[in-house]
Amino acid sequence: MAKEKFDRSKPHVNIGTIGHVDHGKTTLTAAITTVLAKKGLSELRSFDSIDNAPEEKERGITINTSHVEYQTANRHYAHVDCPGHADYVKNMVTGAAQMDGAIIVVAATDGPMPQTREHILLARQVNVPRLVVFMNKCDMVDDEEMLELVEMEMRELLSFYQFDGDNTPIIRGSALGALNGDAQWEDKVMELMEACDTWIPLPPREIDKPFLMPVEDVFSITGRGTVATGRIETGIVKVGEEVQIIGLGAAGKKSVVTGVEMFRKLLDQGEAGDNVGLLLRGIDKNEIKRGMVICHPGQVKEHSKFKAEVYILKKEEGGRHTPFHNKYRPQFYIRTLDVTGEITLPEGTEMVMPGDNVTIEVELIYPVACSVGLRFAIREGGRTVGAGQITELEN
């Protein structure tokens, strides 16, 4: 059978199921694919195939995740489901799966539990814009008041973590009922997908953001000038445009792009995702180096202080064997750059144990081009000991 071409006609959205252990996240994921498969919009995936999640490595951290994809009438979704709570924490903090929105599953029989709260908090900290609630196991609750109570608790919890608790769609259903083909519960899965289509916003495309390219390598071509190579992170750069070089003391030096090359071919422009070489006018080879970024003038600022949400690897994951304390100074690997920084722990936190997820303040030894949402690894002696993302810039 010929390989299917990736259909670009529908907008693409990344979502996932989050929530407390045994509330039915994986059953719901299987139910979504089963119900949509009947409408020809998905490939059927069994509970077991999703539950036996393969290991993946992202920024040196091993995470178990299952990826499924499906379509609705309006969108193409890539959906992530993780078997264990620790996998969720790692997944959301390291960005192995960037979520544009999430379905939070809560069992009507239990109501919100500690991990329900923890996942909502994590979603807030890593800037997941909106959540949709699926109240599961409603076929096991006869009391309407009990359902209303759980719904009220969920709305309060969402509002507490600065989501729109009043307007967030809450769908009452039964994932197992839908998986077993009960029409009443299949309809609820379709209702859930409609809620995702309308409530979860389309993510801004990388190509529509300002141009930015981290420099990976630099070389000079005799008679033509200096070429900087790298993968364009966001935006578009055209031949003849003015750009700025930032970071590592480049002090915002400006230049003009006189050529864009990809695979030894000349292009008129490079766009997000392309690996290119940019020919820069009037820039000496020693004025630009790996770790700097090239961008449109005035679009990116340098910062040396920020707050971040981080996950610290366990010993079994190749991380530290011992905790670290306040003022710990590891290297931060940001884009293509290793830079030393000092960690300040939250008030009242004496130390951080391997396996912890914590909010820290970081002060780098020199400013680096960075923005909220940017992900990084924490390294010590060349090995990854943690990963995280910037949640707030300070200077």
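Backbone N, Cα and C define each Cβ position, glycine as well.
When other Cβ atoms within 10 Å of the Cβ of K25 (GTP binding site) are tallied across all protein chains shown, the result is 26. Annotation comment: Swiss-Prot describes 19-26, 81-85, 136-139 as GTP binding site, evidence class sequence analysis.
For T26, the entry in Swiss-Prot reads Mg(2+) binding site. In the three-state DSSP scheme, T26 (Mg(2+) binding site) is classed as helix.
Swiss-Prot lists 10-205 with the feature domain 'tr-type G'.
Summarised as a single figure, the pLDDT of the region 'G1' (19-26) averages 90. Residues or ranges marked as region 'G1' by Swiss-Prot: 19-26.
Positions annotated as region 'G2' by Swiss-Prot, on the basis of similarity to another entry: 60-64.
The annotation region 'G3' is assigned in Swiss-Prot to 81-84.
A straight line from the CA of C138 (GTP binding site) to the CA of T26 (Mg(2+) binding site) spans 16 Å.
Under DSSP, C82 (GTP binding site) is assigned to coil, being neither helix nor strand in the three-state scheme. One residue stands out among the binding-site residues T26, C82, H85 for having the most other Cβ atoms within 10 Å of its Cβ: C82. Spacing of H85 (GTP binding site) relative to T26 (Mg(2+) binding site) is 13 Å (Cα to Cα, whole number).
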